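Pulled from TrEMBL:
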ACT_SITE  GLU15  active site
BINDING   LYS122, 166-168, 174-175, 204-213, 299-300  ATP binding site
DOMAIN    126-333  domain 'ATP-grasp'
ACT_SITE  SER174  active site
BINDING   ASP286, GLU300  Mg(2+) 1 binding site
BINDING   GLU300, ASN302  Mg(2+) 2 binding site
ACT_SITE  SER311  active site
Amino acid sequence: MKKRILLLAGGQSGEHEVSLMSARSVLSALPRDQFDVTPVVISKQGRWLPPTETQRALESGEAPTGGDLVLHRAASAEGYDAVFPLLHGPMGEDGTVQGLLTLAGIPFVGSGVLGSAVSMDKVMTKQVLASAGIPQVAWALAVRREWQTQPDTVRERAAALGYPLFVKPANLGSSVGISKVARPEDLDGAMTLAFSLDRRVILEAMTAHKPREVEVGILGNDAPIASPVGELRFDADFYDYETKYTEGRASMHIPAPLSAEVAEQIRTLALRAFRALDCAGLARVDFFYVEETGELLLNEVNTMPGFTTTSMYPKLFEAAGLNYSALVTRLVELALEDR
Ligand code: ADP
Ligand code: MG
Ligand code: MG
């Protein structure tokens, strides 16, 4: 019997369009002799679109308004064997949709509520990884109300980290709302931007030198495997939104030119992080490698990484001998696995 798969795409975050691109790739890659796939696009307003509107959104890359409330449509997800929540960012990758699917009793691809929620939040991720002894940059948390009522205590925290530093909303992706702050005078603007997007903001020390950015894919549930290591190169001060999504601004190098020893260290740390965060199915673990000092610092864990045929995660496993179609099939198998 063919498995019935519900593919969720779009969603309410700033990564809506990225998700639609990934979904088009997954839709054409899931083998039709094994799977019967129904896509449902979630609009930016959080409504689940009926089939014709979903089709139109997938083709045009733009979600129309309208659609049904989440809870109403979730009930109709009941007839499916598994759901592939191909959603990035808040309200999709952060445990919310995973909670809904858990309540509905439907298996789904990727991490559960805990792993999704903790990995989405850059502060919680850092706390969990620190207790697992995984090296990271120095950081501090600031909450909106604190910034409004006692900004000087937050400024002191920033000064202790030293400039330049990075200011980021705790729960976002695609570099949205992230600033590199060169001087104390520029802190206010960066904080205002970050707090307009999240109640919690993370301040991060910058690595001592501009780091190399290396990434590794993890695949599996309780016996996960690591892909070869890949590297991103770009011509910009940091990997910001524009650099990420402008064609030709960044290049991928697989395998990353690294010593076998450093590559193995990256893979080992990534597997430890995946377990510490209780991730499942898949994750892309991103590191900073400071060549001058030999430091290897874990930057973040993405539980639903970009998933077009040319995205880093599928390319990493392709280098390991698993093509795109075999990879998505494996992810559905992992969702259906007894754990
Ligand atoms: P996102 O989840 O939006 O991708 P990241 O934490 O990965 O956010 O930050 C985006 C980019 O900003 C990174 O890929 C890197 O280029 C740069 N960056 C972020 N934090 C630091 C840091 N502490 N030191 C140096 N570069 C950083
Ligand atoms: Mg991210
Ligand atoms: Mg990132």
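Backbone N, Cα and C atoms are what each Cβ position is placed from, and that goes for glycine too.
Long-range neighbours of GLU300 (Mg(2+) 1 binding site) (same chain, six or more residues apart, CB within less than 8 Å of its CB): SER119, LYS122, THR125, VAL285, ASP286.
Burial estimate for the recorded positions (SER174, ASN302, SER311): highest at ASN302, by number of other CB atoms within 10 Å.
Other Cβ atoms within 10 Å of the Cβ of LYS122 (ATP binding site), summed over all protein chains shown, number 23. All protein chains considered, the CB of LYS168 (ATP binding site) has 24 other CB atoms within 10 Å. Measuring Cα to Cα from GLU15 (active site), the recorded positions that fall within 10 Å are SER174, out of LYS168, SER174, THR207, LYS210, SER311. Contacts of GLU204 (ATP binding site) defined by a Cβ separation under 8 A and a same-chain sequence distance of 6+ are given as VAL137, ALA138, TRP139, LEU161, LEU165, PHE166, VAL167, LYS168, in order along the sequence. Every protein chain shown contributes to the tally, and the Cβ of LYS210 (ATP binding site) ends up with 13 other Cβ atoms within 10 Å. Checking the binding-site residues LYS122, GLU204, THR207, GLU300, ASN302 for a CB within less than 6 Å of any atom of ligand 3 leaves GLU300, listed in sequence order.
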